[in-house]
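Listed in TrEMBL:
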BINDING   Asp12, Asp145  Mg(2+) 1 binding site
ACT_SITE  Asp12  active site
BINDING   Glu72  Mg(2+) 2 binding site
ACT_SITE  Glu72  active site
ACT_SITE  Asp145  active site
Amino acid sequence: MPSDEIRCLGIDPGIGTLGYGIVVQRGSELRAEGYGAIHTPPGLSLPERLKMLYRLMDERLSMFAPHLVAVERLYFGRNTTTAEMVWQARGVVLLYASMMGVPVIEPGPSEVKMAVCGYGGAQKRQVQLMVRCLLGLEACPTPDDVADALAVAIAGLAMGRLTCVGGLRIDKVR
């Protein structure tokens, strides 16, 4: 990888489906290097599902060697059961990033929309179409979790204000 490229792993956390996307930035050019979803079966216990998430993340993502991990900050209204499970999956992602020794940026939903669409109130479909356009993809990635993860990676690169001067320096990490 050329030294002026920055690789960001974007994650849309979830216990049943975790979306991931690797976006590489070189100058003003963005490209998707890999993306997909990790699924865990609902019949397993929560600890087993969390262990499976970690193991599958390590199997599928370690080869990409990201410089940065971007995980969307979560906001939940009334569904506290879903929120609790997603927060636990998010904890696995943060542990994974820490074990890799990679800094984490946590953009909020409006920051992701702003970075991808230029408008913090953009609709989900607008974000998906812009991800497709910005990364030169033939189709919008599916499931939605994957497109969301790519959008989070784009936002992570935009928010990180990364510079390469004798190595990688992170100017802003939340």
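Placement of Cβ uses the backbone N, Cα and C atoms for every residue, glycine included.
Neighbour counts were taken at the CB atom with a 10 A radius for the binding-site residues Asp12, Glu72, Asp145; the maximum falls on Asp12. Recorded residues Asp145 (Mg(2+) 1 binding site) and Glu72 (Mg(2+) 2 binding site) have their alpha carbons 11 Å apart, per Cα-Cα distance. In this structure the C-alpha atoms belonging to Asp12 (Mg(2+) 1 binding site) and Glu72 (Mg(2+) 2 binding site) are separated by 6 Å.
Under the three-state DSSP scheme, Asp12 (Mg(2+) 1 binding site) falls in the strand class.
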